[in-house]
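Asks: So that we are looking at the same thing, I have put the structure below in C-alpha cells.
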Amino acid sequence: MIGTLINVGTVLLGTGVGFLCKKGIPQRIEDAVMKTMGLAVILIGLTGTLGAMGRVEGGAVSFDGGLLLLVSLVLGVLAGELLKIDDRLGRFGGFVERKLKIKGFAQGFVPAAVIFCVGAMAILGALEEGLTGDYSILLVKSTLDLVSAAVLTASLGPSVGFAALAVLLYQGALTLGAGALAPLMTDALMGQISMVGNAIILVIGVNFLFGERIKTANLLPAILVPPLYNLLMMFIKI
C-alpha cells in the first residue's frame, strides 16, 4: 500500500499547489487554461485508446477492439442512465457543497477520479506492488498525478482533492486483492480496460474544451464490460 499512499499524498499536494495558483488568476486566463487542458486531455485519451487498440503484425499496424469499445460504451451509458449515476453524484455533490462550502464538487471530483484511476499504470502498478512489493510504477504515476492535480485544481477547484479517496479505494483494493486478481488480469484484459477508460478520458477532454455537458459519470459502467466479457468467454470455453 506504500505506493498508493504516496499517490494519495501527491494528489493532495498537487491540489494544494493548484489551489494556491488559482487565487488571483483572471477569468480569461482560467478559461484559456481550461481549453488548453481540454485539448491535452483529448490527445491523451485519443492516443491511449488507439494505443490500446493497435497491434503490429508483419511490419503492418492494425487496430483491433473497435466493436468491444462500441459495445462497452453503449452498455455502459445504458447502465449509467438507468442507475442515474450522474444525477446521484450531482445530488451528493450538492450535499457536500452545502456542508463544506465547496462549489462545483461533482465537476471537479468526477473527471479527476477518472483521470487518476483509469489507465494501465493504476492497474499494473497496484497489482505489481501487491504481488512483489515493488511500487516503482506507482511512483511514476504519482509524479504525473501531482502535475495533473495542480492543473485540474487551478481550473476546477479544490474538489479535485477528493479524488484522492477514489485513488486510495481503487488502487488499494487492487493491491490487497492482487493475489486473487493477477491470474485474471491478462495483458489483453488490461489493454481492453485501458482502451475503454481512455475513451472516457477523451469525453472529459471534450467537455473541457467545448464546454459540453456530456454526462461522463454515466459512462463509468463501461469499464466493467471488458472484465465481464472475458469472464463470459472463460465460461464458454469451459
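Along the chain as shown, residues are numbered 1 onward.
Glycine is treated like the rest: Cβ placed from N, Cα and C.
TrEMBL: automatically predicted annotations, no manual curation.
Copied straight from TrEMBL:
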type	residues	note
TRANSMEM	32-53	transmembrane segment
TRANSMEM	65-83	transmembrane segment
TRANSMEM	104-127	transmembrane segment
TRANSMEM	147-169	transmembrane segment
TRANSMEM	189-210	transmembrane segment
TRANSMEM	216-236	transmembrane segment
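So where do these features actually land, and what's packed around them?
Replies: Long-range neighbours of the transmembrane segment (65-83) within the same chain, counting only residues 6 or more positions beyond its ends whose Cβ lies under 8 Å from a Cβ of the stretch, are 49, 52-53, 191-192, 195-196, 199, 215, 217-226, 229.
Within its own chain, the transmembrane segment (216-236) has Cβ neighbours under 8 Å at 68, 71-73, 75-77, 79-81, 83, 85-86, 89, 106, 110-111, 114, 118, 184, 186, 188-189, 192-193, 195-197, 199-200, 203-204, 207, counting only residues six or more beyond its boundaries.
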Asks: So, taking each listed stretch (32-53, 104-127, 147-169) in turn and counting its Cβ pairs to the transmembrane segment (189-210) that are under 8 angstroms, which one gives the highest count?
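Replies: Result: 32-53.
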